[in-house]
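Undergrad: Quick paste of what TrEMBL says about this protein:
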- B:103, B:106, B:143, B:146: Zn(2+) binding site (BINDING)
- B:135: Fe cation binding site (BINDING)
DNA sequence: TTCAAAATGCTAACTAATATCAGGAAGCAT
DNA sequence: ATGCTTCCTGATATTAGTTAGCATTTTGAA
């Protein structure tokens, strides 16, 4: 929890650098993002959670804050196939957005924090002249535990 | 155009295998997808275009057909940051969805049809036990022509 | 031709996200 | 303190993309 406070103060500084304030509403939003880090929560889901800490907050403010954090690259917005925007705090000193593994059997979303695309992005620059600043990479497939289960039930047959 | 007919007939077979019919509406949808291949059109954009061929078609039918084609893996749905679903016909015999380059300066969307992720997917299988079936990869950055322009205006200063 | 299943068109409903706008708080010079 | 400006907020209306419901039509097999 101490780390949280440090992290929030640090984010507050970034806001001030951009000429903005760390209001109680924004503090509560960041704090909730920290608490549910890497859970890929939607704005509405976050809204419900943030209300527990800051009951007076309005939905629009949550949207505005998330936009703000995304612009300042403090948070990342990602949209999966359902078309709903989800938000994660960007890990400290992380250059790129992390990757996701989406299991088509159980629906679970895993994360990969190592950057698998360093070489691929070199290739993209050389072949297509495209300067990559960021990426979105999601794999669709079957997670380890679901493949285990499939194997077992095959043995059962 | 002959190729188109062949392709449509082939898709018709796939539908029949799944116990479904190639109705005039579905034919027109597929035909329009073929015509505007890899243009990442939204359902509403497609609806407008399809109407030229099949004026009586309803928007809901277009949505239903696109869902159907996506389920049968004849088409691919992709959602960029605006949250709007866009559709491309999957190229024949193409195992994986193609990649996208999204220019943050001019907003252009380029495509990469070669599969850059073969090795990465091997890695994902070995390290995380995740069996990749498909992927979504979008790079955000600056396209070649926009970097050219930037260079030139820097010289101009 | 008859009949059931599948597919369609229309429209209402739903949902995520944005815009609007009147008020409120913070910062700063006076 | 006082006024002034700028930024921020909450409530609400609005928009846009998508889905659901339902009566009607089409299709293909018996």
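Cβ coordinates come from backbone N, Cα and C, glycine included.
Each of these features: where is it, how hidden is it, and who are its neighbours?
TA: Listed in sequence order, B:101, B:103, B:105, B:106, B:108, B:110 are the same-chain residues at least 6 apart in sequence whose CB falls under 8 Å from the CB of residue B:143 (Zn(2+) binding site).
Cβ-based neighbour count (10 Å, all protein chains) for residue B:135 (Fe cation binding site) stands at 22.
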Undergrad: State which of the following binding-site residues has the fewest other Cβ atoms within 10 Å around its Cβ: B:103, B:106, B:146.
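TA: Ranked by other Cβ atoms within 10 Å, the binding-site residues B:103, B:106, B:146 bottom out at B:106.
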Undergrad: For the recorded Zn(2+) site formed by B:103, B:106, B:143, B:146, name the remaining residues of the chain with Cβ within 8 Å of the site's Cβ center, in chain order.
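TA: Neighbours found: B:104, B:105, B:107, B:108, B:142, B:144, B:145, B:147.
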Undergrad: How far is it from residue B:135 (Fe cation binding site) to residue B:146 (Zn(2+) binding site), counting Cα to Cα, in Å?
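TA: Between the alpha carbons of residue B:135 (Fe cation binding site) and residue B:146 (Zn(2+) binding site) there are 27 Å.
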